[in-house]
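K.L.:
Summarising the annotation, Swiss-Prot assigns domain 'PE' to 1-100. Among the features that Swiss-Prot reports, region 'Linker' is placed at 101-206, with the record citing a curator's inference. Per Swiss-Prot, the feature region 'Lipase' maps to 207-437; the stated evidence is a curator's inference. Annotated active site per Swiss-Prot: 309, 383, 413, in sequence order.
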């Protein structure tokens, strides 16, 4: 097959000007965030906080190194556009090889490294972003900033690995509940369980002077992280993972550091996953019962709830169920990149069980927001679930619900747990949970 390239000099000249402008925006963005991302300050004066800060600082330094390579590619690309069509084609081929080699070296470091780098890349473009304040649902909620060439450049760079960041990737590989790999993931066997498991990684809580206890509620295991000096405040933390993954190391880091820095006791329900027979019809009432038990024991003002992704689904569905049963609700709730409408994937059908996928127990986006506590919703513009957060915002406005939203530009799914920018928002979230001044 013969391929043809049609080169229009005037069009290429205009394109070169646009691309050069994009490069200027990206360069300015990278410079603007260099200090914040390469020298992340420790949240407290302790070894664990310093280690976490060093980890994210290393991520920022890696991104700056990659940005330098991309700048070389960009400069050559602009030169190629300015030249003749033949020169453009040759330069594009040469620079594509250069860019490919950079990503190839990352691939050689393993799947986990690639996943982390991809998750960090979009966040580094948010120049000047520190901490996004929430806005009430009654206000006009939009993602701060407007689409730009930098956004297109960023999204284009992520396109080859887009499936890794999408829930559809989980659907493709894990759609069948009896998949042997799903059984392995849920097996809680080391060393896999150190990264995806039903208990914190070894030594983490010992280093923080915390006590980890294992109890059960209605047949559901509950992990309790008690700090050295508890304040009497309790957080029910519901992990995400598309209803098929146990808590990750990022969840346990967040829960443990939160308990350490605030003195709140964190309770993590290990609810049955889809491959273990878990369905919305059984898990949501059990989750609501656990939260109600905590409220009965410690008082409404001392109990709050946080959930990310699928955990955000469970948190909202459980609160709606508590209202429907006439039970008190927690003092506040924080939803991080919540998956509120599970759609029609095979995983969704399995989670729904005998219920319709638009039943509020399955997809709480279709439930009532009346009677719910003050709720804070975090979402990012690059999150496939961001549209659901916008729909929730509109519903909250119509129903007059006490909801506030953080719609952050250039942020990915679960950015609060996975990126340096999320780390900056942890103190704000602790305040919203009522466990920090």
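Think of each number as a place in line: the chain as shown, counted from 1.
Cβ atoms are placed via backbone N, Cα and C, with glycine included.
How about a rundown of where these features are and what they're close to?
P.N.:
Residues within less than 8 Å, Cβ to Cβ, of residue 309 (active site) and separated from it by at least 6 positions along the same chain comprise 240, 241, 242, 336, 337, 338, 339, 385, 413, 414. The secondary structure of residue 309 (active site), as reduced to three states from DSSP, is coil rather than helix or strand.
Long-range Cβ proximity for residue 383 (active site), meaning a same-chain Cβ under 8 A and a gap of 6 or more residues, is found for 337, 389, 411, 412, 413, 414, 415. Secondary structure at residue 383 (active site), as computed by DSSP, is coil.
Its own atom aside, the Cβ of residue 413 (active site) has 23 Cβ atoms within 10 angstroms in the protein chains shown.
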